[in-house]
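Input: one structure, supplied below.
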Amino acid sequence: MSFIKINKKTVAVAMSGGVDSSVSAIILKKRGFNVLGLSMRLIGDLHNKGLNEELIEKSCCSISDIIDAKRVCVRLGIPHFVINLEDEFQENVIDKFTQEYLEGKTPNPCILCNKILKFDILLKRAAQLGADYLATGHYARITKKLKGGFNLIKAKDPSKDQSYVLYNLNQESLSRLIFPVGNLYKTDIRKIALENGFNEISKKKDSVEICFIPDGNYHKFILNQLQAGGNNNTDKCDNESCSDKFLNLEKDTDNNYSSSKIINDAYNNNNIRNNNIYNNPKNNNSNNSKNKVLITENHYNGHIKNMAGEIIGKHNGIFQYTVGQRKRLGVASAQPLYVVKIDPSTKDIFVGTINDCYSNELYINDFNFIDIKYKNKLSEPELTAKIRYSSLNYKCSAEIINNEISDTINGDKKSNHIIKVKVKFKEPVKFITPGQSAVLYSGLKVIGGGIIEI
């Protein structure tokens, strides 16, 4: 398996209700660990209002997913806890996602979710529950170095590798994480689920869209966020009303297990309510989020220009465009045109031919090294970079531009963050997109990464 061999310990498994996290729990239980399930509720009922059932099923961390996770835990005979992180998700992921688009960038919300919710908040909550480790269904591997410390490397299944979205991890977090499915192929994982009697889970489809935008319509979502004033679009509830919503759900007839038990577990097991494991949204200050979206006319109506700076069209919002976009530009041309650059200060969108979309270099802001000792690996000949989740690994060289330690979440300066790294590609690369992440690798090993700036 892809986790470090250790003596019997307690492992909290982040249960999404999907096949990967379910099989993670199965594997760990069979290996003799004390296992408990831990689910995050991130999206409220009103968020999916108006979406059909098929689209809602594409989202994750909803009530139906929590019920699926509960069913797995019941079958495995392990406790299951639910944490309401709707406000934290809104503030740190949804609001940030919206603000980045309004600034002409193209963010990856999964990276924000991993950094702040899963591998900060959830890791701490797992420890509060008495867990020594947190396991997730991510496709990546952790190996132990001979001289101490840990490596983060790509998954065995290259088509499913998720190491790209894990670049914010550090040595401390890696020492407390387990990725049980990182050494397996997807077909193996579905087979394990089937062999253990989880027929429905084994057939469950993978999420392919952003979890809070299951219909894939980013532009409509951002407009709705603007009209709602940002942090008002999720289903807020206090503890009692949340309980009512769970109580009103249908019973789990397969296991004769009431869905209201989800809340009961969250309240009663290990005095969870007293330990603030299940958050009361009324008691936090996320409505004062620094990422709060502000509505101004400047978010709309701008010019589309060619690479010579000549106006060739108009647009009604830079958030409706991303670098590399070809369709729906609204301008006529003898040659195919692509978005080459977005200037948030002027709200101008620059378009050009495919030849204009190539670049030899980029800058990475707030760079995080998996291990600070990796600084000397930037000169290695096998260094490569991924510039988006689905991109190839491009050969490159890199150098540190600013060597100051930068702030991370919660003001923790015990980090390996370098403010800026410059990357030069061996050959020109197209569609380098500000707001996306660039991740550096040495072979299969993750060196680190950060946010792209051109």
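From the backbone N, Cα and C atoms, a Cβ is placed for every residue, glycine too.
What TrEMBL says about a protein is an automatic prediction, not a curated fact.
Got these off TrEMBL a minute ago, pasting:
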BINDING   Ala14, Met15, Ser16, Gly17, Gly18, Val19, Asp20, Ser21, Met40, Gly137  ATP binding site
ACT_SITE  Cys113  active site, nucleophile
SITE      His138  site 'Interaction with tRNA'
ACT_SITE  Cys211  active site, cysteine persulfide intermediate
DOMAIN    301-352  domain 'tRNA-specific 2-thiouridylase MnmA-like central'
DOMAIN    360-452  domain 'tRNA-specific 2-thiouridylase MnmA-like C-terminal'
SITE      Gln436  site 'Interaction with tRNA'
Kindly assign Met40 (ATP binding site) to one of the three DSSP-derived states: helix, strand or coil.
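DSSP call for Met40 (ATP binding site): strand.
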What is the biggest Cα to Cα gap, in Å, among Ala14, Met15, Ser16, Gly17, Gly18, Val19, Asp20, Ser21, Met40, Gly137, the residues listed as binding ATP?
16
Tell me the Cβ neighbour count for the residue listed as 'active site, cysteine persulfide intermediate', meaning other Cβ atoms within 10 Å of its Cβ, over all protein chains shown.
21
Check the Cα-Cα distances from Ala14 (ATP binding site) to the recorded positions Cys113, Cys211, Gln436 and tell me which is shortest.
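Of the recorded positions Cys113, Cys211, Gln436, Cys113 has its Cα closest to that of Ala14 (ATP binding site).
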Quick check: of the recorded positions listed here (Ser16, Asp20, Met40, Cys113), which one has the Cα closest to that of His138 (site 'Interaction with tRNA')?
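Nearest by Cα distance to His138 (site 'Interaction with tRNA'): Asp20.
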Taking 10 A as the limit, how many CB atoms besides its own sit near the CB of Met40 (ATP binding site)?
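Looking across every protein chain shown, the total is 26.
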Of Ser16, Gly18, Asp20, Cys113, Cys211, which is closest to Gln436 (site 'Interaction with tRNA') if I measure between C-alpha atoms? They're all recorded positions.
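Comparing Cα positions, the candidate nearest Gln436 (site 'Interaction with tRNA') turns out to be Cys113.
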Note down the number of other Cβ atoms within 10 Å of the Cβ of His138 (site 'Interaction with tRNA'), including every protein chain shown.
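Its Cβ shell of radius 10 Å holds 26 other Cβ atoms.
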Write down the Cα-Cα distance for Cys113 (active site, nucleophile) and Met40 (ATP binding site), rounded and given in Å.
11
Among Ser16, Gly18, Asp20, Cys211, these being the recorded positions, pick the one whose CA is nearest to that of the residue listed as 'active site, nucleophile'.
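It is Cys211, whose Cα lies nearest.
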Which residue, of the recorded positions Ser16, Gln436, has its CB surrounded by the fewest other CB atoms within 10 A?
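Ranked by other Cβ atoms within 10 Å, the recorded positions Ser16, Gln436 bottom out at Gln436.
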Roughly how many angstrom lie between the C-alpha atoms of Asp20 (ATP binding site) and the residue listed as 'active site, cysteine persulfide intermediate'?
16
Taking 10 A as the limit, how many CB atoms besides its own sit near the CB of Gly18 (ATP binding site)?
22
